[in-house]
Amino acid sequence: MNEFDMIKQYFQDPQLHFPHPNVRFGIGDDCASILPDENHELVFSMDTLVDGVHFLQTSNSFDIGTRALCVTLSDLAAMAATPIGFTLALTIPEAHSTWLQGFSQGLAEIAQRFHCPIVGGDTTRGPHCVITIQVHGQVKKGKALMRSGAKPGDKVFVSGDLGDGAGALSQVLENPLDSTGLAQRYFQPLPEIEFAQAIQSYATSGMDISDGLLQDLEHICRASQVGMMIDPESIPMSADLIDKVGYQRAMKFALTGGDDYRLVYTAPDCAHGIQIGEVVAEPKSVNVSGLDADDLLSTGYQHFR
């Protein structure tokens, strides 16, 4: 199978490559053309997933496809943006039809759910599977939810249970083909696009939780030049996670595990989410009641460490 047959068979399927009102043209030309709504601006984000680092190629390729698009779309949710389309750069050692079919169907599952068609990309042969996705979205001018707006007196909120992503990883490593239970949260960390729209009008800062709650809160503290006091007893965790790993380990996963892709944000008050702390003027760092935050911060995920 050559590159053009692969694109036509797997990536121009109407379940994946479908019309969107903001896409003028996509696959079939050298570039895609995207036009935002009036009084909106375009936003972009890119993520790369590497076999053996972000997923196991022995996992079901459908699950790899859903995860790849979910984690990238989560960046749009973090900015309170809505999706328009995405591009895909796919490097694979061999063009196995069964793997490609499952992968493209996984992408299509999420693309349909969040109305985000594929609009272009590139495929190439390489020694390892590498997936790079760039998502394109739009947000009202001046209304993007950024990391730099938190103010002393704001409260800190999260959008849902934390720790499931890290807790699921051990299940995935034990059985890469199992996508049930906690593993579903690993393979389908659904981006919280609608939730972000609900808080956009009053949230002062925010981001998605990919590298661990404390490490990501530290990013907000630095960008906003504030500190935070976090109450660990207020952090929501699922019963499934606690049953699987115990309360103490579940708490560590919730604080530092990453891969949750929930939203963490600040606001003077909030009708949505769960309050886990408050923003303070000093010290300009994250503090966790009863715990050593510095030790915990060192366990958040970082590449090149």
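Glycine residues also receive a Cβ, built from the backbone N, Cα and C atoms like all the rest.
A TrEMBL annotation is a machine prediction, not a hand-curated record.
For the domain 'PurM-like N-terminal' (28-139), the model's pLDDT averages out at 95. The domain 'PurM-like N-terminal' annotation in TrEMBL covers 28-139.
Secondary structure at D30 (Mg(2+) 3 binding site), as computed by DSSP, is coil. Annotated Mg(2+) 3 binding site per TrEMBL: D30, D75, D208, in sequence order.
Within the same chain, the residues at least 6 positions away from D75 (Mg(2+) 3 binding site) whose Cβ sits under 8 Å from its Cβ are S45, D47, V135, D208, listed in sequence order. Secondary structure at D75 (Mg(2+) 3 binding site), taken from DSSP and collapsed to helix, strand or coil, is helix. Residues or ranges marked as Mg(2+) 4 binding site in TrEMBL: D30, S45, D75.
Around the Cβ of D47 (Mg(2+) 1 binding site), the number of neighbouring Cβ atoms within 10 Å comes to 19. Taken from TrEMBL, the feature Mg(2+) 1 binding site applies to D47, D122.
Positions annotated as Mg(2+) 2 binding site by TrEMBL: D47, D75.
For the recorded site, D259 (substrate binding site), the DSSP three-state label reads coil. Using a 10 Å Cβ-Cβ cutoff, D259 (substrate binding site) registers 23 neighbours. Residues or ranges marked as substrate binding site by TrEMBL: H54, D259, Y301.
If you look up TrEMBL, you'll see G121, D122, R147, S210 marked as ATP binding site. Residue environment of G121 (ATP binding site) contains 18 other Cβ atoms, counted within 10 Å of its Cβ in all protein chains.
Summarising the annotation, TrEMBL assigns domain 'PurM-like C-terminal' to 151-241.
According to its DSSP assignment, D211 (Mg(2+) 5 binding site) is coil. In the shown protein chains, 20 other C-beta atoms lie within 10 A of the C-beta of D211 (Mg(2+) 5 binding site). The feature Mg(2+) 5 binding site is assigned by TrEMBL to D211.
Counting only the Cα atoms, the space from D211 (Mg(2+) 5 binding site) to D30 (Mg(2+) 3 binding site) is about 35 angstrom.
Sequence-distant neighbours of D122 (Mg(2+) 1 binding site) (same chain, six or more apart, CB under 8 Å from its CB) are L88, A89, L90, listed in sequence order. Between the C-alpha atoms of G121 (ATP binding site) and D30 (Mg(2+) 3 binding site), the distance comes to 10 Å. Figure note: comparing Cβ neighbours within 10 Å for the binding-site residues S45, S210, the maximum is reached by S210. Looking at S210 (ATP binding site) and D259 (substrate binding site), their Cα atoms lie 5 Å from each other. For the domain 'PurM-like C-terminal' (151-241), residue counts in helix, strand and coil come to 42 helix, 12 strand, 37 coil, using DSSP.
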